[in-house]
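Features of the protein shown, as given by TrEMBL:
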BINDING   268, 273, 291, 352  Mn(2+) 2 binding site
BINDING   273, 350, 352  Mn(2+) 1 binding site
ACT_SITE  280  active site
DOMAIN    348-355  domain 'Cytosol aminopeptidase'
ACT_SITE  354  active site
Ligand code: BES
Ligand code: MN
Ligand code: ZN
C-alpha cells in the first residue's frame, strides 16, 4: 500500500473516507470534534441516536456528512480516553484497514494520530501506524495456485496531522515505518515458506539476492567443506542426517564508520526440525518449518536497516541446516567437537539449535563485535514459561539486557528476562564430554542459554528465545515477523534514533 502525510484543514480533505476516533461515552477525539463543528453537530447528532457509544472495537460508517469534503466518515470506538493504549489503538486500526480493504474506499485519510496512546511515544505514532497497517494487510499466497482478488482493495492511506510543525518528524516516521514493515514482511514470507521450498540453499540464495540489490551489503556463504576446515563439528553434526547441504550465511552491512565495531546478529536457520534420531511426535510437526525464524528475523532486520540506510555496521550470521533422522545422522551419545575446541555429548539430537548456534557464535569472534545477539526458536520450555506474549531474554551483560527490554517494550514487541545464574550451569555436566547438549528436567530455556554462554565469553552477548513469539498456531497459523520490531528499535537506538 502507498502511504503519505497530510496536514492542513481536515474538513477540506478530499478523500473517499475520513477515519476518526470516538472515545467512550460518545466523546469525540480532537479531529472528530473539528469535523463535528464543520458539520454543525452532525456527528454528535448521529451518536445520540445510539448506534455507537465509543466502546473499543466499534465501527460506524457515515455517508454524506455535511460541511466537509470527504465522501465518507468512518468512526472508530476507542474506549476511555485515559485508557487508550497500544493494544486498543492497533485493534481499531486493524479493524478499519481490514474493512476498508474489503470494500468501500480505495483510499482513506487516517485522522487518529492526534490521540494520546499511553505506550506509544508521540514521535513514533506515524511509524507504528504504518507498521500495523501493513501487518493487517499481510497475506501469504506464494504456495497457493489461486488467490481471491478483492473487488476494491485499499490502495492509499494518508496520515493526517493537525500540526504542520510535525511534518518533518512524520515524514521520517513514514520512511521508518515502511522500512520496518518491509523487513517484517520478508521475515514472515521466509518463515511461512514450507521446508521443501525454504532449504538452507534457498536461504543462502536469498541472502545473495539481497547483497546484489544493496551496495553497502556484502554477502558470503560458507559451504560444508569450508566449515569443516574451520572445525565446525557441532554445526556439521546436525546436517549429517540431511541431504540438503548446510550453509553458513554471512551478511555484512557497512552503514557506519569503517572503524566502528559491528553489532552481530546470529539467527537459527533450521529449515526443518524433525528432531533427528530423537524424533519429534507427529502432532503439529509441520510447524517445525518455522525453526528458521531466528534466521529469518536476521534477514528482516537487515532489510529494515538497509531501507533506512542506518548509520551502523551490522553483521548477520545465519547457520542453516535441516535436522532429520537418517542412517548417518547424529545419534544420542555421540560426542562432537565444536569450533571452539570444546566437546559436546549429544544426549538428545532434538537439541540441535544450540549445536549450530555455538559454532556460529564462535565464528562471530572474528568480527570484533560491539555486541552479539542470537535469536532462536530454541526451546519448547520457553513457550511453557512465557506463552506467546514475550520472547525469552538472557544475557551476559545487564546493560545490554536492559537496552533490549526497553527496545521491545517501546514498540510492543516485548521480551522478558530470565536468569542466567552460574548455578544452572552444572545441569550441563557430562561424564564423557566437556558438556552435554541438554540440561535435564527444569529450566530448559535457561540451560539452553547456559550452553550458548560457553561460546560467548569473549563479547557482550544476549540471547532471544523466540519459540513462543515467532509464529501463531491454530486458525491464524503463520509467522509473526517478531522480533524484527524489537531488533530494529534496538539498532535505531544505537544510532540515536
Ligand atoms: N526447535 C525446537 C524448539 C521448539 C519446540 C520451538 C517447539 C517451538 C516449538 C528445538 O530444536 C527443540 O527441539 N528443543 C527441544 C530441546 C530439548 C530436547 C532439550 C525442546 O524444546 O523440546
Ligand atoms: Mn529440535
Ligand atoms: Zn529446533
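Cβ coordinates come from backbone N, Cα and C, glycine included.
Taking 268, 280, 291, 352, 354 as the candidate recorded positions, the subset whose CB lies under 6 angstroms from any atom of ligand 2 consists of 352. Separating the Cα atoms of residue 273 (Mn(2+) 2 binding site) and residue 280 (active site) is a whole-number distance of 8 Å. Per-residue confidence over the domain 'Cytosol aminopeptidase' (348-355) averages out at a pLDDT of 99. Each of the active-site residues 280, 354 was assessed for Cβ neighbours inside 10 Å, and the highest tally belongs to 354. Candidate binding-site residues: 273, 291, 350, 352. Fewest other C-beta atoms within 10 angstroms, 350.
Classification of residue 268 (Mn(2+) 2 binding site) by DSSP places it in coil, neither helical nor stranded. Shown in sequence order, 238, 270, 274, 275, 276, 278, 280, 288, 291, 323, 349, 351, 353 are the same-chain residues outside 273, 350, 352 whose Cβ sits within 8 Å of the Cβ centre of the Mn(2+) 1 site. Ligand 1 lies under 6 Å from the Cβ of 273, 291, 350, out of the recorded positions 273, 291, 350, 354.
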